[in-house]
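Remarks on the structure that follows.
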Amino acid sequence: MVFRIASSPYTHNQRQTSRIMLLVLLAAVPGIAAQLWFFGWGTLVQILLASVSALLAEALVLKLRKQSVAATLKDNSALLTGLLLAVSIPPLAPWWMVVLGTVFAVIIAKQLYGGLGQNPFNPAMIGYVVLLISFPVQMTSWLPPHEIAVNIPGFIDAIQVIFSGHTTSGGDMNTLRLGIDGISQATPLDTFKTSVRAGHSVEQIMQYPIYSGILAGAGWQWVNLAWLAGGVWLLWQKAIRWHIPLSFLVTLALCATLGWLFSPETLASPQIHLLSGATMLGAFFILTDPVTASTTNRGRLIFGALAGLLVWLIRSFGGYPDGVAFAVLLANITVPLIDYYTRPRVYGHRKG
């Protein structure tokens, strides 16, 4: 019998990868339910398309690499990648976009590096950024939440729009995006950025229907709170650690508060930053990816804080309304450096 001598640390975790991934999938249920409630059945269709695409793409690559397909697919990582991408894109985006983004995420951003545990970047966010850069119009065509929408597509209409671009009655995305004020709606972050650049005051912007929510943007505040609830459950289950979400949210809130105090006429308030866009999804479900995040506790705090700073900078001064995906990928780049300088010193050895 040949024994393999592995390098330290010699740790043991009874939880398998598949179970951790399953817990994350279960924790996503409140967020998915909220998106279905406010944005319609399109989200469910996108999740199904992304899940099937992710499994097929992973199976194809594993077959080509002559690895066990069944054993690898059981780790649920491909399903999670597909789900995270599906809930990040507009619910009525064309079917081929979610398929393209998912296949790119699984094959290029994950399997090309060697598979789970080898990829330096979050695969779902790679797929998202590729779609955002390639198809910016489609990727920013979000429907207004149901509470301010004029035309609410049903399940059949959602399928029709995703696969053909039109509802059963002949309506298109321009019709479906109309709000109660007769104007095509965008996300709270997109609306704020566009309106500020157009010279509108913050007082005027806050009167728009998209900001009719109690805390932040209509619908979006509840979606973010739902993702927050799922994230808290993950913490309770010890599936993730608190360092990254806390440092990310605290840094984002601190930067947003300081910016808002110094320039209230051009920068969004803290509650808009915290409860709009993909803030809570990013904090608890994307940044906490154990493969692409820092591995030390101090490193996790730095990693989360860096991502929070980058999100605020991109949202406030960048060309894109929501900066979570870009912030995640930029923070991923720094992980080796962060881990190098925050790794615990071995007893009896000098630091360095």
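In case you wondered, yes, glycine gets a Cβ from its N, Cα and C as well.
Per Swiss-Prot, the features are:
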type	residues	note
MOD_RES	T187	FMN phosphoryl threonine
TRANSMEM	20-40	transmembrane segment
TRANSMEM	42-62	transmembrane segment
TRANSMEM	89-109	transmembrane segment
TRANSMEM	123-143	transmembrane segment
TRANSMEM	214-234	transmembrane segment
TRANSMEM	242-262	transmembrane segment
TRANSMEM	267-287	transmembrane segment
TRANSMEM	301-321	transmembrane segment
TRANSMEM	322-342	transmembrane segment
- State the residues, same chain only, that lie 6 or more residues beyond the ends of the transmembrane segment (89-109) and have a CB under 8 A from a CB inside it; answer 'none' if no residue qualifies. 35, 39-43, 45-46, 49-50, 53-54, 57-58, 60-61, 78, 81-82, 119, 121-124, 126-128, 130-131, 135, 138-143, 153, 158, 161-163, 165, 173, 176
- Ranking 123-143, 214-234, 242-262, 267-287 by Cβ pairs under 8 Å to the transmembrane segment (20-40), which is first? 214-234
- Task: Establish whether the number of Cβ pairs under 8 Å between the transmembrane segment (214-234) and the transmembrane segment (301-321) reaches at least three, counting only pairs separated by 6 or more residues.
- Result: no
- Looking at 42-62, 123-143, 242-262, 267-287, which one has the highest count of Cβ pairs under 8 angstroms to the transmembrane segment (301-321)? 242-262
- Spatial neighbours of the transmembrane segment (123-143) not adjacent in sequence (6+ beyond its ends, CB under 8 Å) are 39-40, 42, 80-82, 84-85, 88-94, 97, 100-102, 104-106, 108-110, 149, 153, 173, 176-177, 185-187, 190, 286, 320-321, 324-326, 328-329
- Sort out the residues at least 6 away from either end of the transmembrane segment (267-287), same chain, that have Cβ-Cβ distances under 8 Å to it, and list them. 24, 27-28, 31, 84, 87-88, 122, 124-125, 187-189, 192, 213, 215-217, 220-221, 224-225, 227-228, 230-232, 234-235, 240, 244-245, 248-249, 252-253, 256-257, 259-260, 293, 303-304, 307, 311-312, 315-316, 321-322, 324-325, 327-328, 331
